[in-house]
Structures are given as structure tokens and as C-alpha cells.
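*Asks:* Below you'll find the structure I mean.
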Amino acid sequence: ILLLCVSGMRAETARYSVPEEAERGSFVANIAKDLGLTGEELLARQARLVPEGEKQYFQLNQHTGDLVVGEQMDREELCGQSEPCLVRFEVLLESPLQSFRAEVRLTDINDHAPVFPNKEIVLKIPESAMPETRFLLESAHDPDVGNNSLQHYRISSNDYFLVYTRQRSDGRRYAELVLDRALDREQKAEVDFSITAVDGGAPPRYSTALIRVVVLDINDNIPVFTQSLYKVSVMENSSQDTIVVVVSASDLDSGTNGEIVYSIVQNSEENFETFKINPEAGQIRLKKPLDYEETKTYEVDVQATDGGGLSTHCKVEVQVKDVNDNAPEVIITSLISTLSEAVPPNTVVALFNVRDQDSGDNGRTTCELTGEQPFRITLLAADAYALVTSETLDREQVEEYNVTVRARDEGSPALFVSKILLVRLLDVNDNAPTFTQAIYTMVMSENEPAGRSLGRLSATDPDAGENARVRYALVPPLTGTLAAASFVSVDAESGTVRSLRPLDYEKVRAFEVTVRAADGGSPPLSAQAVLRVVVRDENDNAPVLLHPPPDSSAAGELVPRWAPSGYLVAKVVAVDADAGQNAWLSYELAKATEPGLFRVGLQSGEVRTARAVTERDAARQRLIVLVRDRGQPPRSATATLAVALVDDFSDAFHQLGHDPASGEQPQVAEKEMLTTYLIASLCCVSSLFLLSVLILTANMLCKARVRAELSPPSPSCYADGDFASDGVGGTGTLSPADRYEMCLKSGPERSDFQFLRPVLP
């Protein structure tokens, strides 16, 4: 709709007139009234004048809409003899973008008087000239046009001549001198009178020249041209000294009276500056190149004069043929040099005109764009165009366009001109930041102090300016989840990730947080990535003993005297809270009463006899086992084992209960007392259970039977599992394959402990 409105408005041209030489500030017209706008609208839409040429002759008052003269204009300087004399310009409005054509006609004022090229005109006329003979005079030149131009000639009073004013086909007037009565050289050899050229101005202006007629002796034959009118055509690109035409005249007289000399009658200054003639040959040549756009037709008067002074005239009409010597011209009337990338298609970017000074096919033009670009040209009027967008724009792909507008005429060969329009795109925040990785993995050491840099996040935004400025932030975690965001921080500008506090690998081995990258646009766009932080274990935990317990001073183990080499004595069990190499444990015997008697498995922690036990070996052995991890530096723990070499288990109780060198008798006594309490409690519970079963049985038998007396206890045999609550077997580390079956007899506190046979699987 906007383009149709602009096209419609441009189709009508506003026309005004103003006299030439009008003073600056002279009122011409009120453009606001003609456009149907108020002065406030003109001011709001930033109305301005765009001249057709390089010079601005008018000014527009944006407050009142008055069009006034900005500089004095001379019609003759601007247009010469051309009529009408028009000064064209365009009125350009913005918001929306519109243009209107206007032209001001300069009306002529009578500011020039006719001027003769020579102040004295000499004519040689033979006395034999007959009355009514006509003689062509040099024309006076008046640069004014219309009524202000030269209108007629008059001569002063004389007895022989009259003057007539004639008009040419181009409207110019010239004078013909007519002989009114015959001359008589014997009576008067020279006739002098004045001629006056008068224009039609009010008041009229005039100019006077002196005519001196020299009466010649008789010469009864005048030259005769072969043609009274010569019509020729000349191409406008003809070079200087090109022959235009050759005129020819003949004279029947002989001798000097028959010799003919050719000359151009100076009827206009333009003809005099353009053509020259060879006096003897009659060749008319160009004095300068022709320009079809300035003058299309010339009328040249040629005079042939013989040696006796007789002359005749002919007319040469020169038609200038147009040549395609003017390339089209692209005139930019409005240009939006910066354009938002979010503008829709069909947005007007520039308005321009294409003009060609040639005529016909040489002056017809076409306009096109070169290259593949998101623009197109729309025709508004005969020579007015608009450059509009043809599709959506994207600054991230192309930041600016050099739009080349090419105008070509239809001449042969065709001429063209190119105009480059620079259009820069303004950025719109239409791209969100993009992380270089979807998941970032960083490693921090256990117990690493706060403030250490773990790495750097990176996100890019193809927009520009603030729209491309990326800021980083952690996304707040959901309620009820691990507050991993309190472990690290992200620098908002650089994306550097730093630790906020030391972490314990044994509590937190890895965690994930979500990081958001937002640009500085309005509204801002953002993207998210996952940051995974892996905690690297450090060797900050020493091995912990599970067996023997770390709070016991020494674990008691029994080894029979007949134990062979490789006999399993005990097994040291330890764990390490660290991971990896820091948790790999190795066992070694650090100290022993007899170092050669026992050995420790490096990986298993099993304490075995390194050789068979002999009678010479001490009954009580003390072993210290060192447990060490493989961290750097390594950490370790020690376990103490007390081993008793016994012949039977009765000796074992004695040796374990009375060890004067151990210094631990109160503790052993306390443990024996506790064992006694546990056995007594177990017996009570068992008795109650048996009593309940007997009572229930008795009730079922209707209390028909009498309780039988129990027989005295007999030697008992204890099988596998009967030492569950015993202080000797229950806490040992022997595997099921190394257990033994034994028998004890009831009776006194001290009994014989005797090995019977091993229990084989």
C-alpha cells in the first residue's frame, strides 16, 4: 500500500512559477497546502528539498510550508534560449518515506537589450541593382525569450531603402533590407543610415548600428547557388573540422566579377562559434563538436559574393543526429544506510531516479541489481525506483551489503553506470549462547583448599555488542536435593570454576551442577550445560584393624606344639576408607619373639608358622603385624597378637590366665569373670526352657507320670559349635578345616584338656 501511495503521489507534478532575478526569500508557493499537510506534519516528517542538479535554488520553511527563493537565478544562464525554463526538485518526506515532484518555471524579464555583432555594417551594392532587391543583414542578438526577445527592426529615414522584419522557423527574427529605388553612383556613391533592433519588453530595449552602403559600378550578373536550401544531417559525435556540407554557386560574369567568395552570415553567435566556411571552396566545417542534448537543429545563412560585389544567399539546415554518448545517471534521493536485521520483506531501503540525457532508444533505461542479494528493485514511476528487501535478513551471516545498482540504456552499443549502496545491518538478539560442550568434567583433589581454579567454561554468541556479551551463573538446585552449588562457584564474566570449600572423598566422590550462560540482550537468551566435578582421592585415612580389635591390648591365639609348617595361627583383617591405590593394603611381620617361627601373607594377612613348632620354642610368643597402604606417603597401623604354644587346652588356660610378664592379669580375670556370667546365664535360660517343656509334657499326660530322677553327669563330648560362648574357641580365627574335637570331664575346676582327633571336612 505504501509503494502504491508513493507511486501515485509521484505521478502528479506540482508546478509553480517565479520571475527570474527574484530576490532571495521571495515567496513562491505554499507546499504544505498543496500536499494537504500542516506545518507541524512537515516538521515531524522532516520535509526537505532534493534538487535535480547539484545546486539548490529554493528553500522550504518546515514550520509554515512556504517555498521561497534561496538564490537569485538568471534564466538566460540556466536555460539559454530554451523555453520553458524549468527548475525541478523533489519534496522528500519521512515516516513513512514519500517523495513528490515539483517544478518551478522561471518567467523571463526584459533584462537584456538586442545587440548587433558589429556596430557598422558595410554593404556593397551595384548601381544596377533593381528596386525590390533584398539584402540580408546581420541579425541582432537578444538572449531574452518570448515578448522580451527581439521583435522588429527599423531604419532611419533615407531615400533608397526600406527594412522588413522576417521570422525563421525557430522563431528568431532577422532583417531584410529592400531597395526602394534605383541607385545612381554618379549621384551618390555611398548611402549611410542607421538600423535599430527593438525588443517587445515594457519598456522596450533597443540597439542601433550604422549601415554604410557603397554603390559599386555595374556588374550585371549575380552569383547563383545550385540550391537555395541545403539540408544535411550530422552525427553529434563528429569531430572538429568535419565537413558538414559543400555549397556551390556560379557567376556568368568573367574575370574578377566572376570570382566567388563564400561567407557565413552571422545571424547568431551560436552559429558563428560552431561552423566555419572555406571562402574559395565553400566547404562548411565544424569548429567544435556538436551536442544533440544542447541543440538539435542549426540554420546557417551562406553568402556568395563575386568580384564585382554582387552577392546571393542560400540557407543550410543542419540536423544533429543523436548518438548514445551519455551514460545513464543514478541519483539517490533517499538512503537508509543502517537497517535492523529484523525488518520484514518489502521494507524500503532507498529511493533513486535514473536519467539519461539521450533521446529515443538511447534515452530509454532499465535498472537491475548485480549479484545474489536479499534486495530487489521496484518501479515507482517512469524513472523513479525503490530498493526494497526481498527476504528476511540475518546479520550473523552477512553484516553489511554492498548493493550495486546498474542502470543501462537501450542504445547501440548500450551504456551503463553502476552505483554502490552500502547497507549495514543492526544486530537483534536472535541467537542464544552456545556452550562448546554439553557436559564439562573437571577434577578437584580431596581436601583441596577453597579458591582453587578447576577449569573454565566457554560459551559463544554470534550476536554483536551487548547481545553477544555472555555471563555465567549456576542454576539453583531443586529443593531437597544435594546443595552441590555450595561446593563450587563460576565467575560471571570469564566462566572460571573455583572451589568454595575442601571436600572429603569418602563423603562426596562426585557431584553435578547446571550452569547457565545468558547474553546481555533484551530480553536475554540463555543456554545450559552440565558441570560434573570428580573428587580425586588423597591418602588421608590410615588402615583400620577389624581383627584383632584395635582396643584390645593383644589377641590370644593357641598353637599346638605339634603344629607343622604353614599352620594357620590367625588372620589380621583391616580396611582403608580411601580408594584405589590408597586402599590397597599389605601385611608384614614387624616384630616377633622368634622372627623365624612365623610369617605373614603379604596380601591375605594370614599368620602362619614358617616352620614346625619345636620343644625349644618359648611357650608364649608376641607378634606385631604392620598393615600399610600404598598411598603417597603411605599410612600404616599395627596389630599385636599373643600366641601360646600348648600341649593341650588345660595348659592353654593356665598360660593365658597366668602370664606374669604380660602385666595384664586384671583384664584376663575380668574377661574370665564375664565368661562365667555368660555361661551361668545360658544354663539358667536352658533350664527354664527344659522345665517349660517338661511341664507342658506333664500337663499333656494329665500329670500321670512322676518325674524321674536325673542320672549323675557323665563325661561329655563337645562337638563343633559347642564353644560358641567359650572364651577359648569362640573368639579364635581358625578356619573350619583346622578345628579339633575335644572332651572334658565334669568335676573339679581344673580338668585335663586332651586333643582327640581333627574334624575333617
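Here the Cβ of each residue, glycine as well, is placed from N, Cα and C on the backbone.
TrEMBL annotations: computationally assigned, not manually curated.
These came from TrEMBL, pasted as-is:
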type	residues	note
DOMAIN	10-116	domain 'Cadherin'
DOMAIN	117-225	domain 'Cadherin'
DOMAIN	226-330	domain 'Cadherin'
DOMAIN	331-435	domain 'Cadherin'
DOMAIN	436-545	domain 'Cadherin'
DOMAIN	559-662	domain 'Cadherin'
TRANSMEM	674-697	transmembrane segment
*Asks:* Report the listed stretch (226-330, 331-435, 436-545, 559-662) having the maximum count of Cβ pairs within less than 8 Å of the domain 'Cadherin' (10-116).
*Replies:* 331-435
*Asks:* What is the number of residues in the domain 'Cadherin' (10-116) that are helix, strand and coil, as DSSP sees it?
*Replies:* 18 helix, 41 strand, 48 coil
*Asks:* When secondary structure is assigned with DSSP, how many helix, strand and coil residues does the domain 'Cadherin' (117-225) contain?
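*Replies:* In the domain 'Cadherin' (117-225), the DSSP-based counts are 3 helix, 54 strand, 52 coil.
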*Asks:* Between 0 and 100, where does the mean pLDDT of the domain 'Cadherin' (436-545) sit?
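*Replies:* A mean pLDDT of 88 is what the model gives the domain 'Cadherin' (436-545).
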*Asks:* What counts of helix, strand and coil residues does DSSP assign across the domain 'Cadherin' (559-662)?
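*Replies:* Taking each residue of the domain 'Cadherin' (559-662) in turn, the totals are 13 helix, 45 strand, 46 coil.
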